[in-house]
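Visitor: Sharing a structure below in structure tokens format, with a few things to ask.
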């Protein structure tokens, strides 16, 4: 299920367009996640009181978390599936501390693709989208495997 060199080139090529503005991309991903899947917001005590779109948009914590999420994802993507060292601590914290279900990873990965497509329509064509979806599926599957190692079946 691995990606070809060409697919990784697509993934890393678009990621190079995302990286200069991780904050805006990350903020949009988190806001969209909470809007489309409100149950995900309930996992974050610090975001529970942000009940309007304006509150989410003006929250420095939402911006910070979005940046953190995309920074971690970028480090993992750049490893081109040799991401054990990056993935293990992320999976451990999400499985044992935060208890984030794998389904939520699926939600956020779908949203990441949509946000990139909206922000970079001319650079994120069908081949790049397919490659990114494949890379994110690989990430989710590897996270799910690690979850099992940590005894979390989420």
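Any Cβ shown, glycine's included, is placed from N, Cα and C.
Source: prediction; values computed, not measured.
Per Swiss-Prot, the feature O2 binding site maps to 65; the stated evidence is similarity to another entry. Look at Swiss-Prot and you will find 65 tagged as nitrite binding site. The heme b binding site feature in Swiss-Prot is assigned to 94. The domain 'Globin' feature in Swiss-Prot is assigned to 2-148.
In the displayed structure, how are the listed features positioned relative to their neighbours?
Guide: Within the same chain, the residues at least 6 positions away from residue 65 (O2 binding site) whose Cβ sits under 8 Å from its Cβ are 26, 30, 44, 47, listed in sequence order.
In sequence order, 100, 105, 143, 147 constitute the residues six or more apart from residue 94 (heme b binding site) in its chain with CB-CB distances below 8 Å.
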Visitor: By DSSP assignment, list the helix, strand and coil residue numbers for the domain 'Globin' (2-148), in that order.
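Guide: Residue counts for the domain 'Globin' (2-148) by secondary structure: 119 helix, 0 strand, 28 coil.
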